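Per TrEMBL, the feature compositional bias 'Basic and acidic residues' maps to 33-42. Summarising the annotation, TrEMBL assigns domain 'N-acetyltransferase' to 95-190. Sequence annotations record features per position, and here TrEMBL assigns region 'Disordered' to 31-58.
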Amino acid sequence: MASRNLQQRKGYMVEAVELLSRLTLRSIKGRSKSIEDTEKASKGFLPTNDEEDGGEEKSYKVVYAVHSTHQNPNSDSAKSESQSFEPEKISTELVGLVTLKSVDSSSLALPEYLTIPADAAASTLSLDLGYMFLPAAWGKGLATETLNAVFKCCGKAQSFWTPYSKVYVRAIVNEENPASMRVMQKTGMTEKGIYEWTGQPVFLAGKWVERSSLHIYGMHLLE
C-alpha cells in the first residue's frame, strides 16, 4: 500500500509539472521547453523536499491539485449502486492548481490601505493566492468550488500555521480578468481597492504591458 501511495504521489507531481509546462505559454519567460525548465519555474510555489532552514523566516506553501474524473467506458461498476467504489475503474486528469504562498520580499509590495494594518502585520501571516486552470475547465464553476474548499480546509488547519494565530490571504487580479473578479466575489473575498502598477514591460494576459490596474482582494482565513 505504501509503495502504491508513493507511486501515486510521484504521478501527481509529474502531472503537475506537465500542466505547468502547458500553462507557461503566456509566461513572461515564454513556454517551458523541457520538464527541467518547468521544475525550475515552479520551485517558487510548489513544496519541495530540499528546502532547508538557513536561518531565514519559514516559508509557507500550499498546493491544491484539481482533477477531473471520468468513468472508464469499459467499466461496469456504474451498473450497480450497491457495488463498492473501485478507483482503478476511474480515470483522472489534472486540470488545475491552486497555490497559497507566504508573502515575502519577492512579492508585490502594496500600500497599507490595500492590505492589513501595519500594527497587525507582525502577528499575521499573509499569503498570496494563485490559481490556474486549463481552458477545458473554464466556465464550469471549478475555481469557485475549489477555492471554497481550500479556504475551508486551511481555516481548520490551525496547527499548520504555527506560530501564527491569524492568517490573511490576498489576491491580485488583472483588470482584464473579470472572470476571476467574479470568483473572488463568490468566495467571500473583499475588494480592498485598485493598485495602479507601472514598471518595466512584463508579459501579462497574453501581451506586453508597462502598466495595469490591479484589483486587490483579501480576507482572513484565521482571525
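Cβ atoms here come from the backbone N, Cα and C positions, even for glycine.
Here the structure is a predicted model, which means the values were calculated and not measured.
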Quiz item: Which residue counts does DSSP give the domain 'N-acetyltransferase' (95-190) for helix, strand and coil?
Solution: 38 helix, 28 strand, 30 coil
Practice problem: Grab the pLDDT values for the domain 'N-acetyltransferase' (95-190) and give me their mean, rounded. | Solution: 92
